[in-house]
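Undergrad: Dumping the structure here so I can ask a few things about it.
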Number of protein chains: 2
Amino acid sequence: MTAKIARFLEEVRPVTPCVVVDLDVVRDNYLGLRRWLPLADVYYAVKANPAPEIVRMLTALGSNFDVASRGEIDLCLSSGVSAENISFGNTIKKQRDIAYAYEKGVRLYAFDCEAELEKLAEAAPGSRVFCRILMTCDGAEWPLSRKFGCEIDMARDLLVRARDLGLDPYGVSFHVGSQQTDLSQWDIAVGKAAMLFTALDAVGVELRMVNLGGGFPARYRSDIPAVERYADAVMSAMTNHFGNNIPAMIIEPGRSLVGDAGILETEVVLISRKGYDEDVRWVYLDVGKFGGLAETMDEAIKYRILTTRDGDDTAPVVLAGPTCDSADILYEKSNYEMPVSLKVGDKVRILSTGAYTTSYSAVNFNGFDPLKAYFI
Amino acid sequence: MTAKIARFLEEVRPVTPCVVVDLDVVRDNYLGLRRWLPLADVYYAVKANPAPEIVRMLTALGSNFDVASRGEIDLCLSSGVSAENISFGNTIKKQRDIAYAYEKGVRLYAFDCEAELEKLAEAAPGSRVFCRILMTCDGAEWPLSRKFGCEIDMARDLLVRARDLGLDPYGVSFHVGSQQTDLSQWDIAVGKAAMLFTALDAVGVELRMVNLGGGFPARYRSDIPAVERYADAVMSAMTNHFGNNIPAMIIEPGRSLVGDAGILETEVVLISRKGYDEDVRWVYLDVGKFGGLAETMDEAIKYRILTTRDGDDTAPVVLAGPTCDSADILYEKSNYEMPVSLKVGDKVRILSTGAYTTSYSAVNFNGFDPLKAYFI
């Protein structure tokens, strides 16, 4: 909670719910990452918070951009980003969207299967491509499932095929899972990448880049290792597996740049009990799972929450959103407590909500407007 | 799949993904419900599909409307609905939104706790109010949790208190769970309501209405009992528990009116395998969990899916959406199969997607536009 955000909320008193993002925090996070991982090129994962204000600031600071769609390419280009600083990092792309990106000058693409490679060869000839490999992602709060990436032996064959199709087999990417707190996962992943470098070298394909993905965390309810420790883990893994022949490195931070920069202000709409024998209060906020807090799905991300009555005695609560959807419950099993003195109409602040909130918000579910955001 | 929708898709060839809703089906569903449950006043649950086209048609047919928010009140009023035909059915309301509704002429409100009753007494004096009671909802595909409603002894006290606060204690509501297929649940619920009528009568409060909520299903992957069987279950329960002194009845269908009326057309973006030893194909569509198919959460709603190659041999698939979010998987555990001959670029049609799709869609997640809809 920065003084700048506190002052803004005090002076402007915006209608709730809304997110306020302190751009100074984003800048400091970016500069911190650059300082601790100077060898890595930063590609900001635009999906984390696609605000033009953030993209404009980061491009001025020298950042590159990882985009998921044609829409995000347009956003970057119209915010002053050069096409050569864009990576089309989604492994799932329509061929006409690849053609669009190529026509705009984008020359760096992700893939994880043969069909995607064929689209790239046709619509983005000669481009640098990197193959995403599967990771198991133990330890991540928002685990990545098996949706992206392929097994390592398939990756080897695909990178050879990329060359044969006239593409430039540039490197390997992986993702250790968003909000990853087990630092040893980087060593395992980089080890796999290094094995691929060796295997490809043996057949005359020289890979030159390792894309370490995202996974650096924002600070939610649990304390997390600082960015320095992450940087150390990454660099140890790189030197461990590549010696003094370290390839180009890309990181794709999203959450770790913008998460902590945002505060969501919300209002208590209702407090109730379900029966006379029930100890737990239900606290209903004017924001919920469909209004921007989608990452509370399965109570995965546990936000820190402040009230104006902190310090008073607390008791257990279930936290829920304002819609008529019974699935719109934020926390029922995560043992949240709130002050006994909490009242209907109180303002509540949800911390570290700068990432994956505004753009997740439903367009008009239950007749509620999408989540508003301010960038200061 | 109606001929009208097939013709529209053939002639217009709209950009995918999009939903096409056949208004004739909505009308027929409405008239069917009226025919089979003539004693019940229909309050269309606007949240199921808040399209003005649907609201205008239903109001012309004589429907009433169940709204969740101020936004939905405005939508109804601007679509020609009279305020006296609106029920503010969300139990979680800001007091200023109650005041707004009251000023517009809304006189029917839901509540399930004392704090909400006090807001209503202050902001909507003299209005008819109904208390929502908790149900366990065995058998529902999209179960309702304990978010709404209170225990029956608390409901009794609250309805007495409603009278003491100058409100009109009108009745009782419950919800057996969306997509409820266990017809005996209605008997249990109506039995509870009847007990409340008796208990209140003993202290001089005459309830006059039972609100049976929604829960009538649309047709997804499993076959479901026809609307007649639901109507029978409801009327048997009512006569069983109320004899020939049947109170006013309200039903709040949403899904059962509009679900089957919509078809979502989507395109296959990518088909891949994760490794050489894997039998399962991953099929990525241009719509996913954040583009309108939120009800696939935990694979709760299992849509029927048509391809242009149906009839060919099939094999197991995982179905996923187009975003970089690893949680954007539609079906991984529900044993979906698709034709072996399926190709990238093929059109795929997802049936019964007229309810809870367009308005659930994220505003701009991953740079993708919200789901488009056509009403024909």
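Every residue, even glycine, has its Cβ placed from backbone N, Cα and C.
Just lifted these from TrEMBL, have a look:
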{"type": "ACT_SITE", "residues": "B:Cys324", "note": "active site, proton donor"}
{"type": "DOMAIN", "residues": "B:32-258", "note": "domain 'Orn/DAP/Arg decarboxylase 2 N-terminal'"}
{"type": "MOD_RES", "residues": "B:Lys47", "note": "N6-(pyridoxal phosphate)lysine"}
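I would like each feature placed in context: is it buried or exposed, what are its neighbours, and how far apart are things?
TA: For B:Cys324 (active site, proton donor), the count of additional Cβ atoms within 10 Å of its Cβ stands at 28 [all protein chains shown]. Secondary structure from DSSP puts B:Cys324 (active site, proton donor) in coil.
Residue environment of B:Lys47 (N6-(pyridoxal phosphate)lysine) contains 28 other Cβ atoms, counted within 10 Å of its Cβ in all protein chains.
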Undergrad: For the domain 'Orn/DAP/Arg decarboxylase 2 N-terminal' (B:32-258), provide the mean pLDDT of the predicted model.
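TA: PLDDT averaged over the stretch: 92.
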Undergrad: Give the distance between the Cα atoms of B:Lys47 (N6-(pyridoxal phosphate)lysine) and B:Cys324 (active site, proton donor), rounded to the nearest whole Å.
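TA: Their Cα atoms are separated by 28 Å.
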Undergrad: Check the DSSP secondary structure of B:Lys47 (N6-(pyridoxal phosphate)lysine), expressed as helix, strand or coil.
TA: helix
